[in-house]
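Copied from TrEMBL, the annotated features are:
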type	residues	note
TRANSMEM	7-29	transmembrane segment
TRANSMEM	49-69	transmembrane segment
TRANSMEM	90-110	transmembrane segment
TRANSMEM	116-137	transmembrane segment
TRANSMEM	158-179	transmembrane segment
TRANSMEM	185-205	transmembrane segment
Amino acid sequence: MSKRKLSYGLMVAIVILFLLYIAFMQLIQDPQADVFLGFKTRLNHPLNVPFWLIALRVHVAFAAVGMISGAINFSKRSRQHHPRFHRWNGYLYVATVMMVGLTSGYMAPYATGGRAVSIAFNILTMLWPAFTLIAIIQIRKHRLESHRKWMIRSYAYCFTNMTVHLLTFAIRSITGWSYPVSYSIGVYAAIPLLFIAAEVVIRTLRNTSDI
Ligand code: HEM
């Protein structure tokens, strides 16, 4: 098996394991998000919990579909043998990015950690759809290589939640700081880290058509 196929397989395995974890947390362990909501102590706006929960469920459902459809579209087989499917699945991915962004826009003002974290999420709510739209504009102009690069940059942000939680866990374990402080640093660190990760992938795969 080639290195690239192995990397793709590893990414798919991470996506599957992460989505199983998310499903477990959302459906079994903490369906009302009591634990996460418990960290929201200093909110600037009163939180409508039932509405916030609906937004969260829509957010997570679209995020899961986006992670799956994006992963499928990076497969060489899907692109080469099923170009029509690749195109429609690509539009499905774009729609999920917009829905995750929309729900993020609603949840951001109530972010754990306060105003600073709200600003970080709002920046991401603009950046992520922008990267995705640039990728679409590039392919409409038949710039295949540029399309792939921008899709890699866009898809990297599907790992936002996973990266934020891993960083929050690491910061809390190492420093003993509170959850909101660790989470805030996690959110701010995740945004550049995921961008750098995408650039590393782009540079590692000199010819990204071979993914
Ligand atoms: C695509 C993969 C993503 C998944 C699976 C996901 C999942 C989640 C989950 C489970 C939560 C609830 C809190 C928690 O347990 O962390 C959450 C909260 C949130 N997510 Fe996402 N998310 C994703 C991407 C994004 C992106 C790209 C953005 C920004 C554009 C975003 C913005 C938010 C916001 C603002 C909150 C509320 C945070 C808070 O209340 O402190 N998410 N997300």
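Cβ atoms here come from the backbone N, Cα and C positions, even for glycine.
Taking residue pairs at least 6 apart in sequence, the transmembrane segment (185-205) and the transmembrane segment (116-137) share three or more C-beta contacts under 8 angstroms. Spatially, the transmembrane segment (158-179) is adjacent to the transmembrane segment (185-205); three or more Cβ-Cβ distances between them are under 8 Å for residues at least 6 apart in sequence.
Within the chain, the transmembrane segment (185-205) has long-range Cβ neighbours (under 8 A, six or more residues past its boundaries) at 4, 111, 113, 116-117, 120-121, 123-124, 127, 149, 152-153, 155-157, 159-160, 163-168, 171, 211. Only residues 6 or more beyond the boundaries of the transmembrane segment (90-110), in the same chain, are considered here, and those with a CB under 8 A from a CB of the stretch are 40, 43-45, 47, 52, 55-56, 58-59, 62-63, 65-66, 69-70, 73, 118, 121-122, 124-125, 128-129, 132-133, 136, 139, 154.
For the transmembrane segment (49-69), the list of distant contacts is 15, 18-19, 22-23, 26, 32-33, 37, 89-90, 92-93, 96-97, 99-100, 103-104, 106-107, 110, 158, 161: same-chain residues at least six beyond its ends, Cβ to Cβ under 8 Å.
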